[in-house]
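Under the heading transmembrane segment, TrEMBL lists A:30-49, A:69-101, A:107-125, A:137-156, A:176-198, A:229-249, A:261-279, A:311-327.
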Amino acid sequence: MSTPVITEPASNPAAEPAVVTGAPTAAQRVTSFMPVIALVALLAALTIADPDFLTQRSLTAAVRTSAPLVVLAAGATLVVLCGGIDLSIAALCSLSTVFFAMWLPDLGGLTILVAVAAAGAIGAVQGIAHVVLRIPSFVVTLGGMSIFSAVALVISDAGPIRVIDRDATGWLNLYVAGYLPMSFFVALLVVAVISLIIKLTPLESFVRATGYSESAARLAGTPVDAVKVAAFTVSGACAGLAAVMLASRNFSGSPTMADNLLLPAVAAIVVGGTAITGGHGSLWRSLAGALVVTLLRVGLPIVGVPSAWEQILYGAIIVAAVALTLDRSKVLIIK
Amino acid sequence: MKSISRPTAAVIGLTLAAAALTGCSEEAGGAGGGAEAGGCAPEDVVLVGQVRNESNPYEAAWLDGGDAFAEQVGLSQDRLTYDGDSTKQQEQITQLLAGDTECLVMNILPNGDSDTLPIVEGAQEAGAYLVTQWNKPADVNVTDYDQWLSHITYNGVESGQQIGDALAEAIGGSGGIIALQGILDTGAAKDRFAGLEASLEANPDVELLDQQTANFSRDEALAVTKTLLTKHGDDIKGIWAANDDMALGALAALEQAGRDDVAVVGIDAVPDALTAIGDGTMTATVSSDGPWQGGIGLAIGYCVATGELSVDDIADEDRAWFAEQFLITGDNVGDFTSPEVDEADFECDNVFSRSQGAIS
């Protein structure tokens, strides 16, 4: 896979290698729906392994479980689209669960907004450090990850903080129309709203240009720095929202609660077919990717796959899914 | 790409459709309530054991004990592991409880104290039978729930004292010892050290020269022991460690220093420690009997699910209790190197026989 194959669709010979013009061909349509196809295939496989898995209650539980991961991955997707990476999302999310649990007794229902805003502000600081000091996003957020973990441990006295007042987050455990868990509904809303804002404003071309070729984007007058800071801010705010969801589900905040969600979130982004090198991808792809990863995390053990095989299957399926979903005609360099 | 792309439109459409149907409800549609207590036929019972990791010998032995009980009643156990990841544990439990919970029996090792409550509330809502072990917040009462049948843990003060006494005996009742403490903000580390202090009171000629934390880690214990050996030299006659991993680290440090006159004790009965006790390099450890733990939680749940035992009949002191633990020395180490379960322990009128009293 180290050599990218650049194949131009025969019906569209005039297209630039990295830009799609004109109507997509049938093959391109199939590729763009690949994450959904992968999701359906996985669901079918799990159902064959254990027919009880495909019940309405079981699926409801799975999408409810996926909500924090969807939100985390959605925010981080923006950073990846800009050609960066945000490794601090999980640690920032853990820190935010601690913030949330600590502030809830004083602030009540307002805590949700304050926690999300605080996480967004921390994300913005990382973005500013990245563009002003010109430090690679990988390094800034690696440092951030370490700092946030330590701060969370210190302010929480290295232990979980119980959420006694459940009224503020009780609504997250309701069901829309009887079936759709509210937390997943909120996650869908986040994906839809961010996607819509990007689509309806020049942001889409700004983000893509920054991701595909930052220097070209600068020459073309794109506000690259502002776009990047905004992406980190949204990523941070999403980590804060995911923290509220986790804290409402576990009735506590803990300095390590979300730490193990970093790799699943990155897996969700790449399984969705977003190029880790930037430019190509979308939030809805990460939504499908997050569902695939969640099904793997909860589905494999529940249908009775032994734990050693579970890890092997998880790794193999992730790699296979990325091989299927990544549209190589839009990504010229595979690093 | 000027207009809204299909996927985005689809997501928006779906969201709007869902919003239009708004009418929020407390429960997912079709969610089944709890079963009538004791209404399950024995063959309908589903047994689930969940621990952190099968690569940990103690926890693998726990699941093997669960298998042994399942075989005893003609069923099989689902073995679940969550890699010490609290989030993954919650996700697995949520998914499990979304299936058929009418006759579901769960024997769970919560990752930490804070992980117990969501599991308990989930089981209560779904009507599954739950037994938890080791970790529970002190202010949460088992008797407030009727699906949470029992919580089993071990008295750390007692085990700390048992190995303290064994150590005192091994050094002839007098001399200097050092203590390696566990992670200081865990209940286990605090309780076990309190046990050592009680033992020291009973053995006035044994002197605690120094105590340091090595965070339950073999590597840290190696480093700490080296330092303390340099500081106190031949005054050290014995080393008390709050778990076997640290005891094994201390043994390695002693070996490097060329000392074979120091007695070492630990807790947990991990296989390496049992080997060390077998060949005489280590003095004592304490076993919680992992295979029994794996079987007993399922046995209690099975007895209630099939109606042989009723939750209301379980005495309050059997809802949260300390189980018996066993001091292992050179004399009896042979009985523990290949632990087996005793079927009689899992009979419904016998499931609380190892209780050493309610958790105070």
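Glycine is no exception: its Cβ is also placed from the backbone N, Cα and C atoms.
Outside the transmembrane segment (A:311-327), and at least 6 residues removed from its termini, the chain residues within Cβ reach (under 8 Å) are 1, 28, 31-32, 34-35, 37-38, 42, 267, 270-273, 275, 280, 285, 289, 292-293, 296-297, 300, 305. When each of A:30-49, A:69-101, A:229-249, A:261-279 is scored by its Cβ pairs under 8 Å to the transmembrane segment (A:176-198), the top-ranked stretch turns out to be A:69-101. Within its own chain, the transmembrane segment (A:229-249) has Cβ neighbours under 8 Å at 67-69, 71-72, 74-76, 78-79, 81-82, 84, 86, 88-90, 92-97, 99-101, 112, 115-124, 126-128, 130-131, 137, 163, 166, 169-170, 172-173, 183, 186-187, 190, 194, 207, 257-258, 261, counting only residues six or more beyond its boundaries. Using a Cβ-Cβ cut-off under 8 Å and counting only residues 6 or more beyond its ends in the same chain, the transmembrane segment (A:30-49) has close neighbours at 24, 271-273, 285, 288-289, 291-292, 295-296, 299-300, 303-305, 317, 321, 324-325, 327, 329.
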